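These notes are about the structure you will find just below.
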């Protein structure tokens with residue numbers, strides 16, 4: 001690494017190296033490589049706090065340098081992931097942390113210096129460990145010599161990255177935990193019922209056990225012929241077929257297709273009756289002269305008649321995902337493709353999508369391109385200083401041309417475009433022509449699954465929601481047997497386990513190839529030797545691994561970029577989804593088929609990825625998995641992108657997040673919009689709270705106003721009653737005064753009436769107001785009365801038989817003949833020396849007395 005100069009004026013401690021970004025290829029030479037530090041024997045508390053449930057530390061190494069970013073820290077291997085903690089902050093460094101199942105290969109690298117004894121003593125060989133991930137990243141860790149830390153880390157990775165048995169994976173150790181898995185068969189039947197228009201039916205385990213799930217509509221039915229996986233071990237236990245086809249005919253037709261994967265319906269249009277069907281290649285043989293009447297009858301049943309087609313049979317397209325030459329070559333092994341002459345109303349179309357091996361090499365070239373020209377390269381060299389000059393030319397435009405051509409030579413974007421174009425073509429035939437399409441490749445579980453599921457997503461808005469996306473993945477990818485274990489290089493329950501698993505990938509070939517990691521050969525000052533991991537025993541070889549599923553999700557990201565209003569889920573959700581699938585933290589994507597997952601007991605023994613996502617989204621639509629631009633009314637029908645729009649680009653949130661993290665974040669306009677939306681939501685909540693409080697204040701003010709009005713009414717009523725009482729009091733005073741009595745009112749409200757006759761008898765009467773509340777007497781004016789008690793006291797005793805004389809002397813209303821003009825007065829109650837007189841003022845109102853009788857004074 002000549003040409004690089006060490007940093008001057010700085011300490012060479014590991015803590016200092018984590019504080020700055022490496023600027024030159026040799027900046028990590030400043031580390032104290034000769035310092036010997038033994039391995040840590042105990043796990044620190046801060047590491048234990050970062051572990052997941054059932055996650056255990058296997059080995060820990062301190063003083064390790066992440067060469068990509070020139071950060072020092074602690075490297076930890078657990079039974080689930082490779083964990084890198086910063087030396088200063090003790091926080092997880094995302095670039096240096098990777099699940100073990102996501103590691104594609106790893107290798108030990110030794111960088112030897114030129115043969116000079118003195119320089120060798122001062123600068124010994126560098127011990128590196130390079131890790132290449134399936135998620136488009138290459139990581140390089142640097143270790144001090146003579147510490148045996150690299151050996152311990154390497155041996156732990158050998159043991160835990162590729163376990164020999166399926167049950168050794170972390171998901172089985174963690175168990176279902178909080179993310180329990182419902183039966184995937186029940187969810188598959190629910191999707192079938194929706195497609196057949198029977199959403200009101202809800203399947204259960206009892207429905208599956210009794211095999212009472214064979215519902216049907218006018219065209220299609222659910223068959224249970226494969227309930228025990230005897231017909232095809234890679235097909236689901238139930239699938240949709242034409243209702244005119246019997247189970248016996250289905251068994252017969254399956255013998256004409258590779259791996260007995262006969263044509264079945266993956267999606268159907270409830271209005272037109274058009275279908276998307278899938279299968280494997282027909283076994284027509286080398287001469288392409290083999291035929292099956294049952295298979296031809298089954299395919300012809302997809303061309304049902306419909307009233308919208310005016311009595312004519314619909315068109316049938318047979319879409320072969322392979323290049324034509326590959327299809328013909330498969331004929332030598334008994335396979336091949338259909339002939340339009342044998343299938344009525346049919347047309348054969350070849351899409352020219354390459355096989356799994358081409359996709360694997362293409363992704364490897366894309367990964368190396370990003371590592372070469374990214375900001376965090378695995379060799380620690382900034383892309384702007386590579387080749388002793390500016391990457392984009394350094395005064396020479398040929399360098400720019402070379403870098404652009406290497407991206408094109410990776411062919412990844414071309415493959416994505418081919419898959420998108422094929423899916424869009426299928427969706428257009430179904431939506432615009434009401435035609436049925438049968439899709440297949442060789443085995444019908446890689447390219448077929450990509451095309452059928454992507455076309456279904458374009459046709460059906462339901463699949464562009466969270467629930468629909470889950471149903472789509474479980475139906476077309478999991479139930480129909482995409483071999484996830486083979487494609488991801490993970491163990492399964494099949495195989496004898498004696499075939500060696502090769503952890504390393506051969507160098508990519510092709511035009512426009514460029515220097516790739518491990519440490520690039522352009523360095524002139526040092527030489528490198530690489531020791532690859534020899535890989536433990538495993539049931540599958542790396543020749544079957546391929547990023548087919550990742551490519552499909554990449555296609556969805558391109559559609560989401562073109563139609564940001566059509567999807568409920570966001571780019572962040574797609575990234576997290578791919579990470580969870582690659583990490584094997586949950587058991588949903590284990591094994592190669594539904595049958596194998598059932599045999600291994602995966603649904604009951606492992607956690608469920610869908611339950612995990614539902615839990616993280618429980619906080620509501622503010623979660624970053626939700627697409628804030630989603631408008632279901634804008635695109636409530638099929639998406640039919642024109643060919644000119646199918647120009648894919650680098651998926652920045654996934655492809656650039658490790659190599660160019662700043663650019664990946666800058667590309668996320670959605671994040672800024674989400675922050676703005678969250679602030680707007682907070683303001684809306686504050687506004688709603690203020691409006692609610694204002695309504696409460698208004699209601700309280702209205703209540704107080706009503707009470708004030710009542711008080712005013714009571715005041716007016718009280719004043720009226722007081723005036724009436726005053727008038728009545730004046731009338732009584734005049735009436736009593738006419739009797740020759742003197743009336744006196746005291747301050748306490750007592751009324752004193754005195755009367756003296758000619759015999760000088762003194763009569764004293766005392767009146768006290770009734771003991772009632774004033775407000776009660778005012779409110780009940782009709783029942784108010786006034787009582788006057790007269791006490792007559794004299795020197796002589798009052799005779800008990802002198803009623804007439806007293807009445808005549810006291811009451812001027814008594815007539816001469818002994819009658820009374822006031823018959824209702826109720827007076828004349830004598831007793832001893834007391835005379836009681838009760839005046840009922842209601843009687844005054846009924847008297848016919850001239851007002852002049854009570855003449856005003």
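Backbone N, Cα and C atoms are what each Cβ position is placed from, and that goes for glycine too.
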617-665, 666-714, 715-763 - the range that TrEMBL marks as coiled coil: 666-714
Annotated range (TrEMBL: region 'Disordered') out of 1-23, 24-46: 1-23
Tertiary neighbours of residue 443 (substrate binding site) (same chain, Cβ under 8 Å, six or more apart): 258, 259, 261, 280, 281
Extent of the substrate binding site in Å [max Cα distance among 355, 356, 441, 442, 443, 444, 445, 446, 447]: 12
Segment confidence, the coiled coil (666-714), expressed as mean pLDDT: 86
Other CB atoms, at most 10 A from the CB of residue 445 (substrate binding site): 27
